[in-house]
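The block underneath contains the structure these notes are about, expressed in structure tokens.
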């Protein structure tokens, strides 16, 4: 049963509602509001349907008039006529729509008729499918099959060749064909009954008089001669080979002048790291987080306009496609296909690129094309706007503001770093700590990676270099308990921020994911940061989806705590392959809060959204 069909403008003005017109009960919760927030405002309209609580929602657009049609029904019901009904309602309502009118009570009777017709068509289609499936299959006659097989066997025997002899080579096949037709040069034409057995016997035994048979002994002699010749050649090469001594491995010199700079930054200390004989300077320069990057491509566009104008990949490919007054899906397909391929070359996951192109097509279909405007430029502009909306965070997370708010409450601000193995959680945790120290905030590190060997020592080295306290309990301890004790210790010491380092874990590792869920549920951190590599492509979807799914499934509370933000590591190694940022944000809805771009503590940046969008479409 259809719960509601709602028609509203893109500006949010409700024009007609089936619940209000037919006097039905209102929906529980706000499924349509959730659809607008999660899909329509963030250009995720390419999805086939949307689920919220017990409801399933489907929708369609009328881009020329700026209308949205949404159908809501129970999730457990598979209504086959919803798409057909939405198309019919869209067609009929667009004929009576007037931008100046806000009352469409006359559409109620039309909707009833359309609803009944759609239900009737769905029932007829269902009945026809059932009739086809219940129709008996035609009986297959098995009498002719043995005859055919027997005929084939007799033909093979008569021809004097079996399927076992097919591997004897091309010449053998030709001889058999010739013998079957009775026209071989060397075959005796007088007595064919004696000829066939003689030839078959000669072939099987390798008779020398049969030119069609292959001489196996000759092949064996040739192989022996080849082995002798090869052995003699190798012996000659070994005798003439000069006796050269192997050179030892030398250090690679990248520049003309080799640098004598010290590369080992570890400090001499005992096992616990208490006695440090040489202190490392804390001030390593300003963090890149506090530097405003001016990477917008406005200046680059001005430079291009001054010189000879180069043809872009869009304009060169689709220069001839222009002039249609109303955009149809077939007109958009070539441009969207090229755009999808372009995004995939930038390391965007294939599934994400496909959904983005479908979303752009849904937003442009039915719109009027402006004068002297190419379809390619229209598609690129729509994609650029969609990417800006996706990468721009829907909720603002200001860590410095939230830290000061927690400081006024007398509690430390807790950040938990999670992610898969080897992405650089500990290194980027130290970068965040250095950035917080530059803003005169006290930081405590919590060594909750009690699984990987050397993890505690690695974090201890970072703490020693930054001259900040670290809370550790060694290995094989419960990380949730270690994090709780670290937070209590930071509260007693009046520390402002606690950075919790966790063990790297694959998204399919059930025991470690259960331990992570326990750590988050027990300590309720203020921020959960997912550290991901900028090098990943399609795996970014799997990682974030399964991390959020496991945290939700293993949560002990009804409102599960999921990933709040993303730290994108190794961003300096990817050149223009920046698609991982788009894939991660699209699939999780969490913003990219930090970008790791080097090995030192200062190499931490903010994500420049405009620069990423320009790089993706360049």
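Easy rule for this one: first residue shown is 1, then count along the chain.
Glycine is no exception: its Cβ is also placed from the backbone N, Cα and C atoms.
The annotation compositional bias 'Low complexity' is assigned in TrEMBL to 147-160.
Per TrEMBL, compositional bias 'Basic and acidic residues' is recorded for 162-178 (among others).
Annotation comment: TrEMBL describes 240-278 (among others) as compositional bias 'Basic and acidic residues'.
According to TrEMBL, the domain 'SRP54-type proteins GTP-binding' annotation covers 591-604. Sequence-remote contacts of a segment are chain residues at least 6 beyond its ends whose Cβ falls under 8 Å from one of its Cβ atoms, and for the domain 'SRP54-type proteins GTP-binding' (591-604) they are 284-289, 391, 393-395, 397, 399, 424, 427-428, 430-432, 434-435, 465-466, 529, 565-572, 581, 584-585.
Look at TrEMBL and you will find 125-308 tagged as region 'Disordered'.
Residue counts for the domain 'SRP54-type proteins GTP-binding' (591-604) by DSSP state, with H, G and I taken as helix and E and B as strand, are 0 helix, 6 strand, 8 coil. Regional average pLDDT for the domain 'SRP54-type proteins GTP-binding' (591-604) in the model is 90.
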